[in-house]
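Here's the structure we're looking at; comments come further down.
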């Protein structure tokens with residue numbers, strides 16, 4: 001009788017502080033599909049919430065108790081006794097078993113597990129790669145030369161695509177373990193041990209923190225220009241009178257005046273206007289505005305969950321599409337201004353081949369960087385056999401987008417009267433603060449970056465604190481210290497080195513050295529060697545890729 005009484009108890013214990021209660025108090029989290037497997041019941045025993053509850057069969061109840069018993073033999077983190085994939089029904093046939101003897105089909109489960117079509121997968125990859133690097137592509141083409149720049153963009157796209165292909169195929173080359181749920185750091189750990197795990201973590205943090213620094217510099221820039229636009233509009237000030245610029249309906253300015261360094265001053269001096277002097281004192285691009293952002297963004301970084309900010313991801317796509325629109329419109333208005341000189345520079349034009357082309361390769365390494373999360377993106381592809389095809393199409397679209405933006409901005413830059421060397425590391429800086437189209441672009445990008453910045457901070461927290469303490473939120477003190485370090489780095493760079501092109505190329509070459517060039521090539525060499533299929537051409541080709549990655553990083557320090 002004791003056994004009968006124990007069998008009649010509820011199989012799912014009560015949980016307090018329930019966040020998302022399901023029907024009949026069922027606890028369900030669709031984000032962890034493997035550790036919380038639903039129990040399958042024949043369709044004859046399935047009911048809706050509003051239907052009369054029908055008891056399940058004795059066989060189904062006994063099977064549920066058996067699985068419940070097995071789950072108690074190990075800790076929840078141990079996957080040893082979880083039912084394997086081949087015995088689990090399809091997602092649309094999975095149901096959650098209630099202790100009251102009924103089964104419910106939860107929409108959140110099937111929706112959370114739904115696969116993406118190839119079109120959605122391609123768009124996701126394109127959208128993920130479209131970041132701040134797009135603002136520096138025209139500057140990179142100027143540094144490399146027009147012809148060389150276009151060739152470098154295409155070649156870097158092909159090289160990073162191949163390395164990304166090797167990342168996608170890396171799991172399938174491991175036959176001794178079940179790699180279904182593995183991410184790329186797990187593959188690195190398999191081949192290189194703890195060194196591979198921690199080194200991949202280090203380089204991933206480099207890319208994240210580098211991106212956050214670039215975001216802080218750009219947000220300071222956009223916030224400064226936004227405030228300057230409003231002030232100039234109210235006081236009827238024309239800011240193109242004090243810098244080298246074109247005199248037409250679509251003005252273009254040269255804030256660095258050929259010095260190669262961005263203008264860090266706020267605005268012009270008006271000796272007779274105390275109000276303007278006061279505004280300039282408290283609204284300076286490098287001395288005050290970066291500190292104003294601390295009050296806006298530091299509290300957002302301390303949120304436990306970034307789910308609210310993830311709702312604004314669509315703004316990234318809108319911003320890129322608007323940049324394409326504004327570049328197209330400006331090119332139509334300005335026309336093309338090109339002259340071809342292969343090696344010798346002229347007063348207004350740069351040569352087609354320049355020794356500074358590694359600066360563009362550094363920028364492009366980050367611009368094409370998706371290698372640390374490509375496995376995750378492709379996991380949800382409905383047709384896994386199309387992964388390689390979809391990846392190639394996405395890379396082609398990204399390459400065409402970079403070429404379109406870079407070529408149009410460079411070719412339409414009005415030379416003369418302005419030299420091509422005036423193209424800024426952020427090409428929006430070549431448009432005056434009073435330009436309405438640029439003002440809208442800066443507003444959109446500023447808001448979009450303010451929503452993405454907490455997400456990047458959350459990812460950095462997950463990777464660093466999660467690995468060190470085993471908890472992504474050990475305490476408010478730990479989180480605050482980490483966020484202060486990240487914010488401090490951003491403020492420091494915005495004040496003393498506000499060159500987004502330089503920051504992008506250094507961080508891109510550093511993180512790309514591991515994730516793009518070394519790890520994919522070494523893993524392929526080791527796997528082929530273990531299978532005794534390694535040939536000299538394969539070995540030499542992948543060693544050349546590693547050498548190119550090292551040369552790319554070293555060259556950044558000599559440019």
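Every residue gets a Cβ built from N, Cα and C, even glycine.
What Swiss-Prot annotates here:
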type     : residues : note
TOPO_DOM : 1-118    : topological domain 'Cytoplasmic'
TRANSMEM : 119-139  : transmembrane segment
REGION   : 128-133  : region 'Important for arginine binding and amino acid transport'
BINDING  : 133      : arginine binding site
TOPO_DOM : 140-145  : topological domain 'Lumenal'
TRANSMEM : 146-166  : transmembrane segment
TOPO_DOM : 167-197  : topological domain 'Cytoplasmic'
TRANSMEM : 198-224  : transmembrane segment
TOPO_DOM : 225-281  : topological domain 'Lumenal'
CARBOHYD : 238      : N-linked glycosylation site
CARBOHYD : 247      : N-linked glycosylation site
DISULFID : 254-422  : disulfide bond
CARBOHYD : 264      : N-linked glycosylation site
TRANSMEM : 282-298  : transmembrane segment
TOPO_DOM : 299-307  : topological domain 'Cytoplasmic'
TRANSMEM : 308-332  : transmembrane segment
TOPO_DOM : 333-354  : topological domain 'Lumenal'
TRANSMEM : 355-375  : transmembrane segment
TOPO_DOM : 376-392  : topological domain 'Cytoplasmic'
TRANSMEM : 393-413  : transmembrane segment
TOPO_DOM : 414-435  : topological domain 'Lumenal'
TRANSMEM : 436-456  : transmembrane segment
MOTIF    : 442-452  : motif 'CARC motif'
MOTIF    : 455-461  : motif 'CRAC motif'
TOPO_DOM : 457-477  : topological domain 'Cytoplasmic'
TRANSMEM : 478-498  : transmembrane segment
TOPO_DOM : 499-505  : topological domain 'Lumenal'
TRANSMEM : 506-526  : transmembrane segment
TOPO_DOM : 527-538  : topological domain 'Cytoplasmic'
TRANSMEM : 539-559  : transmembrane segment
Where among 198-224, 355-375, 506-526 do we find the most Cβ pairs under 8 Å to the transmembrane segment (119-139)?
355-375
Stretch-level contact, the transmembrane segment (393-413) and the transmembrane segment (539-559), CB cutoff 8 A, at least 3 pairs:
no
With CB pairs under 8 Å as the measure, which of the listed stretches 146-166, 355-375, 436-456, 478-498, 539-559 comes out on top against the transmembrane segment (506-526)?
539-559
I'd like to know if the transmembrane segment (478-498) touches the transmembrane segment (355-375) in this structure, counting it as a touch only when three or more C-beta pairs sit under 8 Å and are separated by 6 or more positions.
no
When counting Cβ pairs under 8 Å to the transmembrane segment (146-166), the leader among 308-332, 478-498, 539-559:
539-559
Per DSSP, what is the residue tally for the topological domain 'Lumenal' (414-435) in helix, strand and coil?
7 helix, 0 strand, 15 coil
Could you put numbers on the helix, strand and coil content of the topological domain 'Lumenal' (140-145), residue by residue per DSSP?
5 helix, 0 strand, 1 coil
Are there residues at least six beyond either end of the topological domain 'Lumenal' (140-145) with Cβ under 8 Å to its Cβ atoms? List them, or say none.
152-153, 350-354, 356-357, 359-360, 363-364, 406-407, 410, 420-421, 423, 501, 559
State the non-local partners of the topological domain 'Lumenal' (333-354) in its own chain: residues 6+ outside its ends, Cβ under 8 Å from one of its Cβ atoms.
142-148, 249-250, 252, 411-421
Using DSSP, would you call residue 238 (N-linked glycosylation site) helix, strand or coil?
coil
Just to be sure I understand the packing, how many Cβ atoms besides its own are within 10 Å of the Cβ of residue 254 (disulfide bond)?
23
Residue counts (helix, strand, coil, in that order) that DSSP gives for the topological domain 'Cytoplasmic' (376-392):
13 helix, 1 strand, 3 coil
